[in-house]
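Here is what Swiss-Prot says about this protein:
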BINDING   Arg17, Arg68, Thr99, Lys160, Arg262, Leu263, Arg264  GTP binding site
BINDING   Cys24, Cys28, Cys31  [4Fe-4S] cluster 1 binding site
BINDING   Tyr30, Gly72, Ser123, Met194  S-adenosyl-L-methionine binding site
BINDING   Cys257, Cys260, Cys274  [4Fe-4S] cluster 2 binding site
DOMAIN    8-234  domain 'Radical SAM core'
Amino acid sequence: MASQLTDAFARKFYYLRLSITDVCNFRCTYCLPDGYKPGGVTNNGFLTVDEIRRVTRAFASLGTEKVRLTGGEPSLRRDFTDIIAAVGENDAIRQIAVTTNGYRLARDAANWREAGLTGVNVSVDSLDARQFHAITGQDKFRQVMAGIDAAFDAGFEKVKVNTVLMRDVNHHQLDTFLAWIQPRPIQLRFIELMETGEGSDLFRKHHISGQVLRDELIKRGWIHQLRQRSDGPAQVFCHPDYAGEIGLIMPYEKDFCATCNRLRVSSVGKLHLCLFGDGGVSLRDLLQDDAQQYALEKRISDALREKKQTHFLHQSNTGITQNLSYIGG
């Protein structure tokens, strides 16, 4: 039934964010401040390589061009390299990326690249080792920096770095970040702190609009770039004097959802139409046999009829997202 995934608002979906675990070994203040707590799913309960192969095959048939593997921390899965290779079996999928805390990047970047990974996003919320430790609960700053070096050495031409923008934590460190990306092709993406079910107090204390940074970048001569159809939601800025780029992800900005091009599947096989939506559509019963592909594609396409025009974060409605590891942030 191959046809491009399109919703009731004529938005086309080229991008799948696929969570492969909700386990994480970091304790970031904005995500899992008390550390990972199993939610009734054992490691054996997460999608298998065969199930991942089937779900990505179905999405590829429906026009998906990019798959991002998320968590939790994806690299904690021992079969992570096999998962990359399984996704890469689909010729229609042109980009396979991972969002990682960088814990195992120095060790494994070359193997991931060889398996077919084309993009790496690393979470780095501070360039100060002590503050990094305070935010993540792990004294791994130098290890993560070595991982970014290893990614470049492995042949990744660009590395994306995700930084959650927090008032009185890192929002005043723009000059430090800019100096870091000046000589290197790093796309540094500042992500507005988002309210989650478990993070309301933190949100009220530390949220700051990315508009503040955008105004400053424009004042300094940074130029807004056009988005490609399978790009994520970042507004990307470049500057002739910098090898790196700046991205801004501002989910509270008006019309943020108008260009939505991505869907999410959780680590237990639920399709989520929005990071902050309700419920979810189970796909797992249709991931057990190759012969189920038509039914799987139909269920995915039919589910899109229910996708809302916008999220409801402005009303502090975070849907089922209790924390950002739940369905892959």
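Even glycines carry a Cβ here, placed using N, Cα and C.
Known features from Swiss-Prot, placed on the structure.
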residue	record	contacts (Cβ under 8 Å, 6+ apart)
Cys28	[4Fe-4S] cluster 1 binding site	Ser123, Asp125, Ile135, Thr136, Gly137, Val164
Arg68	GTP binding site	Tyr15, Leu16, Arg17, Leu18, Ile96, Ala97, Val98, Thr99, Gly119, Asn121, Gly232
Lys160	GTP binding site	Gly119, Val120, Asn121, Val122, Ile186, Gln187, Leu188, Arg189, Gly247
Leu263	GTP binding site	Leu5, Phe13, Tyr15, Leu16, Arg17, Phe59, Leu271, His272, Leu273, Ile300, Leu304
Separation of alpha carbons, Cys24 ([4Fe-4S] cluster 1 binding site) and Tyr30 (S-adenosyl-L-methionine binding site) (Å): 13
Provide the number of Cβ atoms within 10 Å of the Cβ of Arg262 (GTP binding site), excluding the reference atom itself. 20
What's the CA to CA span in angstrom from Gly72 (S-adenosyl-L-methionine binding site) over to Cys24 ([4Fe-4S] cluster 1 binding site)? 5
In three-state DSSP terms, the structure that Arg262 (GTP binding site) belongs to: strand
Looking at the binding-site residues Cys31, Met194, Arg262, Arg264, which ones sit with their CA no more than 10 Å from the CA of Cys274 ([4Fe-4S] cluster 2 binding site)? Arg262, Arg264
Across Cys31, Met194, Cys257, listed as binding-site residues, the smallest other-CB tally within 10 A is for Cys257
Can you tell me the CA-to-CA distance separating Cys260 ([4Fe-4S] cluster 2 binding site) and Cys31 ([4Fe-4S] cluster 1 binding site), as a whole number of Å? 23
I'd like the number of other C-beta atoms within 10 A of the C-beta of Ser123 (S-adenosyl-L-methionine binding site), please. 22
